[in-house]
Amino acid sequence: MANILRKVIENDKGELRKLEKIAKKVESYADQMASLSDRDLQGKTLEFKERYQKGETLEQLLPEAFAVVREAAKRVLGLFPYRVQIMGGIVLHNGDVPEMRTGEGKTLTATMPVYLNAIAGEGVHVITVNEYLSTRDATEMGEVYSWLGLSVGINLAAKSPAEKREAYNCDITYSTNSEVGFDYLRDNMVVRQEDMVQRPLNFALVDEVDSVLIDEARTPLIVSGAVSSETNQLYIRADMFVKTLTSVDYVIDVPTKTIGLSDSGIDKAESYFNLSNLYDIENVALTHFIDNALRANYIMLLDIDYVVSEDGEILIVDQFTGRTMEGRRFSDGLHQAIEAKEGVRIQEESKTSASITYQNMFRMYKKLAGMTGTAKTEEEEFREVYNMRIIPIPTNRPIARIDHTDLLYPTLESKFRAVVEDVKTRHAKGQPILVGTVAVETSDLISRKLVEAGIPHEVLNAKNHFKEAQIIMNAGQRGAVTIATNMAGRGTDIKLGEGVRELGGLCVIGTERHESRRIDNQLRGRSGRQGDPGESQFYLSLEDDLMRRFGSDRIKAFLDRMKLDEEDTVIKSGMLGRQVESAQKRVEGNNYDTRKQVLQYDDVMREQREIIYANRRDVITANRDLGPEIKAMIKRTIDRAVDAHARSNRKDAIDAIVTFARTSLVPEESISAKELRGLKDDQIKEKLYQRALAIYDQQLSKLRDQEAIIEFQKVLILMIVDNKWTEHIDALDQLRNAVGLRGYAQNNPVVEYQAEGFKMFQDMIGAIEFDVTRTMMKAQIHEQERERASQRATTAAPQNIQSQQSANTDDLPKVERNEACPCGSGKKFKNCHGRKSFS
């Protein structure tokens, strides 16, 4: 262990020597930059851009560019970055994390790499943990960037898409981590390119990087919507409809367990739901409900595929074990369809439309860097997950803070009495005190005790970021007492008031140890900024959460040996510190394992998400005929349908293929079993494909022009992809919950999730292509366009149109609803001029 530690220290020292060498080169430009006029210094930005365009790298520009920012900061802000800040800036440019202590000027440090990377013109995102810090930093540091000719934008949650787009198009964009993530997800849900707000993700510099990439890594960003009661009503209506069908109205393919409406079933659906054409593009969602209702009623069998529990819950039956699968639900809306079939309550769920973890969100940037005062304890995770090194940067001045040994008490009550007594003593002499707590409840408890003791104080628990910063800024004033949860006020320095240095500086009192050593170090670091005096003292009790969960038995035994009888007895021991640190390391290890597992699961989703989003973006940005892509989908759909029956009895296989063709591909009368008999599978595939291409061309010929064709193709694909992707996300969530239980059966749940998730993804792709094929072949495009033309004409001359419709209807001969329309369109009368009569 000692050898490893020595090697790490030597590596850090070697890295610092390299950084110092580059920093000295930056400093060598100081006199040259100081001699430039404002105009000449500002002109450097354009010069750097031109040099970059001609082939110079950012690394080659770094010394001079950093020197320009230093001089600009001195002229605009009156601040001149120190050498250690230059070193921190170099680390950031390299895509790593400089560990810089509180008060060492991380915000100013960031200006140098942000400016340098903005020169490339691809956008730089400065990420903060809340909107107050985004606004503050963009306003303060934005003065330097604007002075140097770069544009600065602030991305806030309340902004409109147009305002967000403007912010993202700036050279430098300030935003919170959550808003960048949500904007990414929303960009991949829009249907028009002009509705997207983000540019490709280039360089992100994350402030308080440990908070964003470590502490929040377990919580995914989710865009979801509650499933409305109207949706549940559609499940019920679809169920009521399919219960009216007879065996001639649907066709079951036994080998593949699929089902579809026959022509008579389609007629009944159009009549039941008052539709002109069931497979029009706007009816995609309805056909999904009907398909599920068909499966629920005629494929899924009670007490074989599922059971109904005593409390009315649908439970899936494992086909291999015969046991019910608690917590599992059929995906793609089938479970709700079965609930409608059995007349039990349809469980309302919020449906996830898109999700991503911060881990995978920020790994999409070309380059990622971050700043924090406490990251070394998480170095392994930063390296393994984000490929980022942690480089400790020396302080500009030596640390003068005194960190006292922890004090341990037998009970919570005795500990809190000691805390209040310490606060009272220090407050009496005017020393400012920051009391750090792990939970809001503890803050409130200590506040009540201080009120009882007559000590005025402020309570801060991260509920109001703007008020929070103001309170923290005043926490270093003489006589100030501030109670704060450990994370409250991060990003805002506590500056000492007049006369406070002589009183010992700010005293930080920790009321218990956090699970993470890093959080404790952050609390300590609120005191002693930039070489200021300060103190830190932690109070612990055997009843603290961390002590109860880890190591308390050993400490209790130690106390028993000490024969401590008094409740208020305090003990100081080196063993105590080692025990606490050991407990924290165990918790940190457990938390890292949890985050690593979250990432392993999300990596499966990531690969699939990237495929879907890339294809989706290709469709949105395409200014071309998407016919080749749709034809390829039709071809694969036909191939799958034919291959599914390759091992069936030949007669049954031909019948099933004909049924597929009639329900999903071509008009019923245009295909028969007779013409397919005697053909090999490849010949059948080719015949069906050629028939489908003819229908495809007929469909598109009904659209008015090439622009309308492209728009129709885009809407068709996007509607179906989005519907299936949303269902797939839901299915993956359910799968993840289910495979977690398999760990008890000695199976690796992540491996099973990967395997089953991949198969589900392939199935989803097949379902997308099937729905695109069926909708493309069956959509009544002519009718849709005719109605649009009618609506346009109605706007111009409503009276003439109305009279014309009446005349046309009156002049029609007596025709049965399923006969060909006499107008010559080739459609059934009910779907053409007779449609109004049967509405």
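Note that the numbers count up from 1, one per residue, in the order the chain is shown.
From the backbone N, Cα and C atoms, a Cβ is placed for every residue, glycine too.
Pulled from Swiss-Prot, these are the features on record:
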{"type": "BINDING", "residues": "Gln85, Gly103, Glu104, Gly105, Lys106, Thr107, Asp493", "note": "ATP binding site"}
{"type": "BINDING", "residues": "Cys821, Cys823, Cys832, His833", "note": "Zn(2+) binding site"}
{"type": "COMPBIAS", "residues": "780-790", "note": "compositional bias 'Basic and acidic residues'"}
{"type": "COMPBIAS", "residues": "791-809", "note": "compositional bias 'Polar residues'"}
{"type": "COMPBIAS", "residues": "827-839", "note": "compositional bias 'Basic residues'"}
{"type": "REGION", "residues": "780-839", "note": "region 'Disordered'"}
> For ATP, with binders Gln85, Gly103, Glu104, Gly105, Lys106, Thr107, Asp493, what's the maximum Cα separation in whole Å?
Replying inline: 16
>> Under DSSP, is Gln85 (ATP binding site) part of a helix or a strand, or is it coil?
In response: helix
> Looking only at Gln85, Thr107, the binding-site residues on record, which one has the least crowded Cβ, with the fewest other Cβ atoms within 10 Å?
Replying inline: Thr107
> Hey, for the ATP site built from Gln85, Gly103, Glu104, Gly105, Lys106, Thr107, Asp493, who else sits with CB inside 8 A of the CB center?
Replying inline: Met100, Thr102, Leu108, Thr109
> Looking only at DSSP and grouping its letters into three states, which state does Gly103 (ATP binding site) belong to?
Replying inline: coil
> Which residues in the same chain, at least 6 apart in sequence, have a Cβ under 8 Å from the Cβ of Asp493 (ATP binding site)?
Replying inline: Thr102, Gly103, Met473, Arg529
> Do you know which of the binding-site residues Gly103, Glu104, Gly105, Lys106 has the most other C-beta atoms within 10 angstroms of its C-beta?
Replying inline: Glu104
